[in-house]
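**Q** Can you keep this structure in mind? I'll have questions shortly.
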Amino acid sequence: MNDKLALPVGTTLDRFIMRKQEDFPFATGELSQLLRDIALAAKIVNREINRAGLIDVTGAYGQQNVQGEEQQKLDVIANIRFIRALRNGGEVCTIISEEEDEIIHTGNNKGRYIVAIDPLDGSSNIDVNVSIGTIFSIYRRLSESGEEGTMEDCLQNGTHQIAAGYIVYGSSTMLVYTTGHGVNGFTYEPSLGEFFLSHPNMTTPKTGTIYSCNEGGYNSFPEGIKNYLSFCKESGYSGRYIGSLVADFHRNLIKGGVYIYPATAKSPKGKLRLLYECNSLAFIAEQAGGKASDGTGRIMEIEPTELHQRSSLVIGSAEMVDKVEEFMKASVKAADTVTAN
Ligand code: P6P
């Protein structure tokens with residue numbers, strides 16, 4: 001048969017999930033269904049983002065979220081789309097969303113999963129056509145099935161994640177996820193309405209020459225971060241900062257690099273949220289051979305105490321994250337020495 005006349009279109013996300021199902025310790029198809037629900041919502045949000053200039057979905061929504069940030073219309077739309085898809089899918093009992101003050105009970109009290117999600121990160125970039133993203137983590141509930149999910153279910157540390165991923169709405173739309181067995185990337189083909197496997201077994205370079213940091217906050221950065229940034233400049237590294245975490249993370253994942261958002265005067269505990277930004281990308285980074293730290297220790301081991309708690313974030317190539325931690329340790333040691341004398 002002359003296959004060249006009709007080349008195969010590739011592996012769809014659905015087929016990939018089904019083939020990998022035996023990797024899931026629970027192998028009941030529920031997690032597969034959950035991942036499909038997320039992919040469905042991503043397709044709908046992608047369509048709305050791509051038409052943003054043509055339909056009235058750009059600009060501010062006119063109120064702030066729990067973070068005190070101006071919600072964009074597409075933040076609200078994406079939040080509705082993902083919550084609805086997860087609620088209708090039936091597998092998720094409770095959701096933590098950046099756009100919701102409190103946890104959301106879906107009514108699926110027999111659902112075995114918890115999802116923490118940033119429905120649309122970097123949304124201030126929508127109106128200027130810069131890449132944005134969705135970030136999610138999936139946990140198994142700790143509480144008994146049949147009841148609503150509990151706060152304990154929601155405040156699990158990052159090592160308890162059973163899956164995590166992101167969608168980057170960029171020059172192409174990609175869904176990248178892990179279930180703890182490596183990282184795989186899927187590119188959306190809008191004419192077919194399918195995600196196709198385009199980046200199997202993604203690994204990130206051990207080191208790189210790209211650093212991503214908003215140096216506008218430099219004057220209030222910790223000394224160790226200032227010293228690391230000087231090291232980058234002396235080493236001839238390139239500064240690349242898009243202002244959309246998912247886009248910066250995705251580029252660094254592929255090319256090698258480190259993203260740094262330290263504590264600043266404006267964000268004394270860091271700006272990024274532990275549950276649905278830091279932990280989600282940390283799981284991906286580690287599964288791809290990279291690292292994720294708060295500058296002093298592994299992000300995924302931080303015990304959450306609040307739904308929307310923030311953290312400093314240093315994430316990307318392992319050796320670059322190690323170097324940042326080295327500079328942070330050295331600066332603390334130097335400060336202790338000065339104090340002691
Ligand atoms: P700044 C977007 O608001 C976000 O959460 C990340 O996507 C991005 O990396 C960061 O904040 C940008 O923050 O302070 O540099 O504008």
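Cβ coordinates come from backbone N, Cα and C, glycine included.
The domain 'Fructose-1-6-bisphosphatase class I N-terminal' annotation in TrEMBL covers 12-200. What TrEMBL lists as Mg(2+) 1 binding site is Glu98, Asp118, Leu120. If you look up TrEMBL, you'll see Asp118, Asp121, Glu277 marked as Mg(2+) 2 binding site. Residues or ranges marked as substrate binding site in TrEMBL: Asp121, Gly122, Ser123, Ser124, Asn214, Tyr241, Lys271. According to TrEMBL, the feature domain 'Fructose-1-6-bisphosphatase class 1 C-terminal' maps to 205-329.
Looking at the shown structure, can you explain where the listed features end up?
**A** On the 0 to 100 pLDDT scale, the model's mean across the domain 'Fructose-1-6-bisphosphatase class I N-terminal' (12-200) is 91.
The secondary structure of Asp118 (Mg(2+) 1 binding site), as reduced to three states from DSSP, is extended strand. Remark: Asp118 (Mg(2+) 1 binding site) has Ser97, Glu98, Thr134, Ile135, Phe136, Arg273, Tyr276, Glu277, Ser280 as non-local neighbours, by Cβ distance under 8 Å and separation of at least 6 in sequence.
For Tyr241 (substrate binding site), the same-chain residues lying six or more positions away in sequence with a CB closer than 8 A to its CB are Ser212, Cys213, Asn214, Asp248.
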**Q** Kindly point out which of the binding-site residues Glu98, Asp118, Leu120, Ser123, Tyr241, Glu277 have a C-beta less than 6 Å from some atom of ligand 1.
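**A** Within range of ligand 1: none.
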**Q** Taking only the Cα atoms, work out how far Leu120 (Mg(2+) 1 binding site) lies from Lys271 (substrate binding site), in Å, as a whole number.
**A** 16
**Q** What are the DSSP helix, strand and coil residue counts for the domain 'Fructose-1-6-bisphosphatase class 1 C-terminal' (205-329)?
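**A** Its residues fall into 58 helix, 21 strand, 46 coil.
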**Q** Measure the Cβ-based neighbour count of Lys271 (substrate binding site), defined as the other Cβ atoms within 10 Å of its Cβ.
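**A** I get 20 for this one.
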